[in-house]
Amino acid sequence: MGLLLLSLALLTGSAVLALLSSARPRLATGFGLGGAAAGVLAGSLPALFCLSGGTSLFYSAAWSVPGGHFALQLDSLAAFFLLPIALLGLLCALYAAGYLRGHPKPRALGAHWFFFNLLLAAMILVVTAANALLFLAAWEVMTIASFFLVAFEHHLAEVRRAAWLYLVMAHLGLMLLLALFAVCGVRCGGFDFADFSRLRGLPVAEATLLFAVAAAGFGVKAGLFPLHVWLPDAHPAAPSHVSALMSGVLVKTGIYGILRFYTLLPSVSGTAGIVLMALGGTGALFGITLACFQSDIKRALAYSTVENIGIIFVGLGLGLYASANGQPALAVLGFGGGLLHIWNHSLFKGLMFLGAGSVLHATKTRDMDRLGGLLQRMPWTGGLLIGGSLAIAALPPFNGLISEYLIYLGLLQAGTSTGGFAGLLPLLMVGLLGLTGALAVVAFTRLTGITLLGQPRTAAAEAAHESSPLMLAPMVLLLSVSLAIGLFPLFAVDLLSPALAQLLPAGTTGIPAILAPLAPLGRWGLLLCLFFGLMALLLAILRRLRPEAQGATWGCGFPFPTPRMAYTGEAFAELTQNHLLPAALRPEVTAERPAGLFPAVSRLAQRALDPVLIKIFFPAVEGIARRSQRLRWLQQGKSQVYLFYIFLTCAVLMVWSVLEGRS
């Protein structure tokens, strides 16, 4: 546990040093990068020890906060989440050093590294805290640090809006968590998670109600549909390495919270698993559908995060349902697929956001319709983005296929072995995830094709340059690990098995045998790599022997084609948009149609709005604001009035405590 404490000390200490060095940007970057690298490496070692069969680690110290206790515990579940935090934290820190080089406001780098390292420390503390008050304190530090990172370019109005939306939604979730832990603390007589073990004596109905509150409170941070509304705005607004960190691991802390609370409860109702499956499947289809119509690369990736979080919850919901109904083999497939997809999504989504950052760094735009032709100018970035797109679309030989295969296998077994509606829902989820997978192929073919292929559509795309090795190296490593999991899935499964066992019903055995069907996928992946390698070698030999003639791209009969005549992202998705989607999900189109024999300039604009945000959250907030006006008279603008309110509140609390003591 000493290494974990050292990790927290290095991260917080380097954060303060970076902030104090703001006047010297290079020194601030040195403190920030060095502290981040040393801190996450120190934290990763005990996590690897724990997942490799080591015992759980525990640390306890006094804390002056009433009810608080500085208690840390690194068990298999905490180590499972700590490992991607460490890996992605290190790679994003390295990437940031290259990405922020030459930043127009160099004095802001000290604040950036302060909040970046503070975020890493807070996430590590969140997954290792063993006291509810310490957990909530770390949770709030994590929220505030990520808020300031999202608002790093706060001179832009859309960035400020995204940051405030994130902060408001995060604190709505925090309100639920405060209520949840307050109830648990009162019921159990303490706020240590060890005290919460008394919750295991609750009736199933009451435990399920508490679990529902936890799922809602943590689901906001996780981006669980329909609580995802902050995510598509915050990820594009943040610097790209921060987007990678938030999408790759920060949203996973919400999933950690749900799973950690689940381990403190007795068996919850199978209905909770059904609801999670339904929300996950709906969110997966919703997210990838909207990803198909975004012209902003990072916004498309953000909606893809909503999709993948949905896939994770389908697997976890299946695990919950199977555990409640005494089906341990299905629970292994559900929880195993969900956990493995947590790791996989951290890898390929981190890669994709870093790749999008390289494109933004080189061209100063995120609009794919203003790009094109980047594969020739940025071959490394382009190749890595294509590899990441294959992984995110669950195509072999990459890791996305492995975890989704487990979830599909579990759903099919659940559907064929269970009768009635309970058996119909898993089969419906199979169809829903199949449609989601097809749309993922469409979305990422569109993203890579429009961005990387064809001719440059603007001067910025024409002048694009490859990123520095400091930015490319983290992406290469992420793609390499994604490929390694796809080729050797049993190694990854062995590593996560201790965390998986912590979620399963007591006495579950035979986990390796249940997950054995993954082995052929790895062998087929190796054969596929060999085949494509031989084909690439053959193609290179043929091109050397017979050079290809080069000429202008066919312009569909136009003698002088321009880049504006090329297909746009909207044109690519038009068939899906107009014929497969319900009207509520279709983008909003504004068109000025040409008129007359000699028409003037005409314009067409398309916006893919989030219907949940526009039609549910905004009207709800406006309604609350209107009703809140009735209490406006309480806000007098006078300090003495506010002091009176405080005095009155304290008096009421004192009277209440006296009455409680007499009773």
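Don't overthink the numbers, they just go from 1 along the chain as shown.
Each residue, glycine too, has its Cβ placed from N, Cα and C.
The range from 57-75, 133-151, 342-360, 608-626 that TrEMBL describes as transmembrane segment is residues 342-360.
Long-range neighbours of the transmembrane segment (164-188) within the same chain, counting only residues 6 or more positions beyond its ends whose Cβ lies under 8 Å from a Cβ of the stretch, are 67, 132-133, 135-136, 139-140, 143, 146-147, 150, 195-199, 210, 213-214, 216-221, 227, 229-230, 233-234, 254, 257, 261. Here the transmembrane segment (432-452) does not lie next to the transmembrane segment (472-493) in space: the count of CB pairs under 8 Å, restricted to residues six or more apart, is fewer than 3. For the transmembrane segment (300-322), the residues of the chain that approach it from at least six positions outside its boundaries are 222-225, 228, 231-236, 243, 247, 251, 255, 258-259, 262, 268, 270, 272-288, 290-292, 294, 328-339, 341-342, 345, 349, 352-353, 356, 368, 392, 403-404, 406-407, 410-411, 414, 422, 426, 429, 433, 436, 440, 443-444, 447, 503, judged by C-beta separation under 8 angstroms. Same-chain residues lying 6 or more positions outside the transmembrane segment (524-542) and placing a CB less than 8 Å from one of its CB atoms are 396-397, 486-487.
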